[in-house]
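Enquirer: Submitted below is the structure of interest, expressed as structure tokens.
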Amino acid sequence: MNNNQLSAQLARQLGAHRHLLVAFSGGLDSSVLLHLLVGLRQQLPDLQLRAVHVHHGLSAFADQWVTHCRQQCVAWQLPLVVQHVQVDSQQGGIEAAARAARYSAFASTLAADETLLTAQHLDDQCETFLLALKRGSGPAGLSAMAAQTSLGNNHLLRPLLGHSRQQLEAYAQQHQLSWIEDDSNQDPRFDRNFLRLQVLPLLNQRWPHFAAATARSASLCAEQEQLLDELLAEQLHNLLDEDRALAIDGLLTCSAARRFALLRRWIALFGVTMPSREQLQRLWEEVALSREDAEPQLQLGQYQFRRFRRRLYLLPLMADLREISLSWSLDDSLMLPDGLGELVSGEGDICLRAPQSQQKVSIRFSAQGKHRILGRAHSRPIKKLWQELGIPPWQRERIPLIYYDDQLIAALGIFVSEAGQTPEGQQPWRLHWRKK
């Protein structure tokens, strides 16, 4: 394929995307992609380009790579953003952690109207397919990398997926491009390197079109997944409420295959790592089908599955706030923990009996014993009150509770206790919960 054909193909893949952020490591693949786009900019004057380089801090040469990328971007007259990240190798291994840190940096760099372009090629697609095969993945995992997908509210394009590394090398040599070589790419302890250095050369020697064949298989798997998406979309929509909680009863009569397919598509809505088949089985048996009076939960990375009133919820892990007690002088606003916002005194639509001069006001996140709230004739245990008011267990510990000394006055936004009622003829104390 000649240069004109490459440029024309790239322009077709871009479609209407004109504001582009290019992931630029300085290696062969991203150097070729960026060079192609710089050339395409001559033909498409409305094309706006930026590059982003992620400094992982894992190599002794990382600073030199930044220098190379800066020099290249100056020569090609386009802005470069350098993002420094910290890689936590405890989170799924060094490769997965570096990738997670990298894509987090991309997401934070993207402007609202920008599309991210990455330079994965045909050989990368083959490696991804084989790694998914090694993990025992189904059609979703074997679909490998999509040529176009979403990244948060932005789009991600991989325009080089149809081209081999050999083709990219030929292009780079023809245009006398310079690029860096990551020293870690020669370490076979990493799974991708092991495949690239030791496995794929043998496969390609025996079957020269092996990478292209695996790419076709990945594409067929992706088609099957798309078909399932279309066939199950209406049923999934009918099982969801406005909070994207999933109705358990609607899954009871499904076959196991259909149930797991629906669970996977529900989980995919949240953009989290897809659980294994074993984890899905545990989700169904230990959470969905647990006793009615239980409060089951199952952790998945930084997320958790919970159940409430015959519905499944997928939630981020939350800090335990039950032991926290915050004194409040009322002269200033009070910042709440764990991103819950702040409380502002003297304004707002929450009206309570004003504290007496000697009473100490505090904010807590747990309560014990029985309480009588406005609108109820009798005192009730706090757990029963939460249940009757329809508050899920994980929300109960994130609702600020107003105390005067050790007396519960109100659960903000939920109820006011009898002790918090403003006596007739007195001015109430107003406050506002400013949520983030």
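Just so it is clear, glycine is given a Cβ too, placed from its N, Cα and C backbone atoms.
Here Swiss-Prot flags S25, G26, G27, L28, D29, S30 as ATP binding site.
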Enquirer: Relative to the mean position of the Cβ atoms of S25, G26, G27, L28, D29, S30, the recorded ATP site, which additional same-chain residues have Cβ within 8 Å?
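Expert: Here the nearby residues are F24, S31, V32, A119, W179, I180.
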Enquirer: Applying a 10 Å Cβ distance cut-off over all chains shown, what neighbour count does G26 (ATP binding site) have?
Expert: 24
Enquirer: What residues, ordered by sequence, lie under 8 A Cβ-to-Cβ from L28 (ATP binding site) and sit at least six positions away in the same chain?
Expert: R165, L168, E169, A172, L177, W179
Enquirer: For G27 (ATP binding site), which residues of its chain lie six or more apart in sequence with Cβ-Cβ distance below 8 Å?
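Expert: Once residues fewer than 6 apart are set aside, G27 (ATP binding site) is near W179, I180, E181, D182.
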Enquirer: So what sits near S25 (ATP binding site) in its own chain, CB-to-CB under 8 Å and at least six residues off in sequence?
Expert: H53, V54, W65, C69, I180, D182
Enquirer: Helix, strand or coil for S30 (ATP binding site)? Use DSSP.
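Expert: The three-state answer is helix.
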